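Engineer: Dropping the structure in here first, questions after.
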Amino acid sequence: MGAPSTSPSPSPSPPAPPEASSPELPLLRLRCGVQQYAWGRRGAASLVARLSGAPDPDPALPYAELWMGTHPAAPSAVLPGGEPLGAWLARRPAALGPAVAARWAGDLPFLFKVLSVAKPLSIQAHPDKGLAELLHAMRPATYRDANHKPEMAIAVTEFRALFGFAGIEELKDVIRTVPEVGGLIGHEDADKLMTVKEYHGGNDVKSSLQSAFAKLMTASKEAVSEAVNKLKGRLNDESKIRTLTEKEELVLSLERQYPEDVGVLAALLFNYVKLSPGEAIYIGANEPHAYLSGECIECMATSDNVVRAGLTPKYRDVQTLCSMLTYKQIFPEILRGVPVQPYVRRYTPPTDEFEVDCCLLPPGEVVVMPPVPGPSIFLVMTGEGEVQADSMSDGEKAKESDVFFVPAHTEVRLSACGHASMQLYRAGVNSRALYACNAAAAGKRSQLQNICEVAS
């Protein structure tokens with residue numbers, strides 16, 4: 001990915017000890033950073049540009065990602081003064097809630113984003129915590145933090161992605177019908193995959209798939225170039241006499257954007273996922289994926305660690321990628337959110353750092369978001385209305401592109417006005433983890449109290 005448009009700020013000073021309870025803290029308006037990576041949509045066609053608040057987006061520039069959080073690559077700033085959110089939180093750890101401040105060292109554990117994808121992102125994976133720590137220690141210039149990066153993407157428009165390895169029968173079909181891939185894998189590894197049965201067990205399939213994928217990804221530049229050009233020529237010829245499959249059409253599209261790239265061939269080995277607006281996928285550590293097109297809301301643990309190996313002009317860490325992957329063969333679960341109250345759906349991933357609520361509020365309606373023992377960030381995607389926190393006597397006007405930080409233990413009242421619905425997204429710490437942390441903390445306090453009573 002390209003250089004950030006927002007310069008990194010100094011790391012915040014160590015936070016003060018978390019307070020036992022949260023005093024009334026203000027609702028904050030945030031100014032958020034934009035990343036102008038080359039794959040982003042350009043000018044006003046980009047949702048990121050529209051949500052960035054830029055009055056006149058440059059039609060020649062890509063607006064790829066809007067970052068809402070404390071990551072130093074593009075930290076959000078508190079308005080009106082412009083203090084980095086991380087620094088503000090370091091001085092007011094009560095805004096995180098005691099459990100969050102203690103567990104995540106006084107920092108916001110999630111990074112909230114909007115993505116506008118015009119051109120496919122790299123074939124990539126994100127390391128688990130142990131590998132992230134190792135990579136950061138070995139190559140801090142490339143892997144700039146020591147955190148893992150589980151993430152969830154919620155489609156705003158039609159959204160396409162590659163995710164995870166296809167099932168064994170589909171992989172066998174690729175080897176049978178795409179000689180350009182089989183040739184780079186080699187007869188020995190191709191034969192192993194062709195003879196594997198689904199019921200042989202995970203280790204047999206994983207070993208054969210890992211060996212074959214590594215052969216493909218480490219093939220020489222000359223061999224890859226020849227194979228991609230042969231595949232392109234063959235598919236162009238065959239398209240005159242038959243209808244190409246979706247995967248074959250995708251391969252030709254990728255080749256036009258990344259000529260002679262091994263990722264063009266690797267794409268045939270992955271699941272091709274198409275999401276409708278409101279549908280989501282969760283991407284855990286060490287799972288291969290590549291976003292292809294569309295716009296989405298994304299939330300993740302606070303990290304920017306990416307291991308790349310194809311469809312990119314950037315640094316490729318092929319050996320690390322091939323060794324780190326799980327090689328699971330499963331189509332991703334499509335998440336559609338669960339209603340938690342009228343007008344609000346919640347997307348809950350299997351990770352502690354985050355969850356996302358989507359609120360679609362008709363004109364004239366009101367919804368109250370109950371207080372939670374952790375922080376939240378609200379983004380107004382469309383429409384207008386009012387946001388009122390329980391510490392405020394009057395509400396704040398809210399319109400498209402407004403971003404608010406809401407401290408822990410704060411009730412938020414949302415109301416829509418005008419002729420259109422107001423759509424908001426809220427990112428917060430996973431409720432399951434929050435209440436587990438608070439239950440554990442309550443247990444420790446009770447235990448300490450009993451000890452004190454016995455001692456007295």
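Glycine residues also receive a Cβ, built from the backbone N, Cα and C atoms like all the rest.
Automated prediction, rather than curation, is the source of TrEMBL annotations.
These figures come from a predicted structure and were not determined experimentally.
I grabbed these lines from TrEMBL:
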- Arg308: active site (ACT_SITE)
- Gln124, His126, Glu151, His289: Zn(2+) binding site (BINDING)
- 7-20: compositional bias 'Pro residues' (COMPBIAS)
- 27-165: domain 'Phosphomannose isomerase type I catalytic' (DOMAIN)
- 184-269: domain 'Phosphomannose isomerase type I helical insertion' (DOMAIN)
- 347-391: domain 'Phosphomannose isomerase type I C-terminal' (DOMAIN)
- 1-24: region 'Disordered' (REGION)
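Please go over these features one by one and say how buried each is and what sits next to it.
Structural biologist: Sequence-distant contacts of Arg308 (active site), defined as residues of its own chain at least six apart whose C-beta falls under 8 angstroms from its C-beta, comprise Ser122, Ile123, Gln124, Lys314, Tyr315, Arg316, Asp317, Leu321.
Counting only same-chain residues six or more apart in sequence, the Cβ atoms lying under 8 angstroms from the Cβ of His289 (Zn(2+) binding site) belong to Ile123, Gln124, Ala125, Ala161, Leu162, Phe163, Gly164, Phe270, Ile283.
DSSP labels the residues of the domain 'Phosphomannose isomerase type I catalytic' (27-165) in these numbers: 35 helix, 43 strand, 61 coil.
When the domain 'Phosphomannose isomerase type I C-terminal' (347-391) is classified with DSSP, helix, strand and coil residues number 0 helix, 25 strand, 20 coil.
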Engineer: Can you list the residues of the same chain, besides Gln124, His126, Glu151, His289, whose Cβ falls within 8 Å of the Zn(2+) site's Cβ centroid?
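Structural biologist: Here the nearby residues are Ala125, Lys149, Ile283, Glu287, Pro288, Val306.
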Engineer: Which bits of the chain, at least 6 residues beyond where the domain 'Phosphomannose isomerase type I C-terminal' (347-391) starts or stops, bring a Cβ under 8 A of a Cβ in it?
Structural biologist: 24-27, 30, 51, 68-69, 95-100, 104, 108-110, 112, 114, 150, 152, 154, 156, 278, 280, 282, 284, 297, 299-302, 335, 337-338, 340-341, 397-435, 437-438
Engineer: May I have the DSSP-based helix, strand and coil counts for the residues of the domain 'Phosphomannose isomerase type I helical insertion' (184-269)?
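Structural biologist: Looking at the domain 'Phosphomannose isomerase type I helical insertion' (184-269) with DSSP, the answer is 68 helix, 0 strand, 18 coil.
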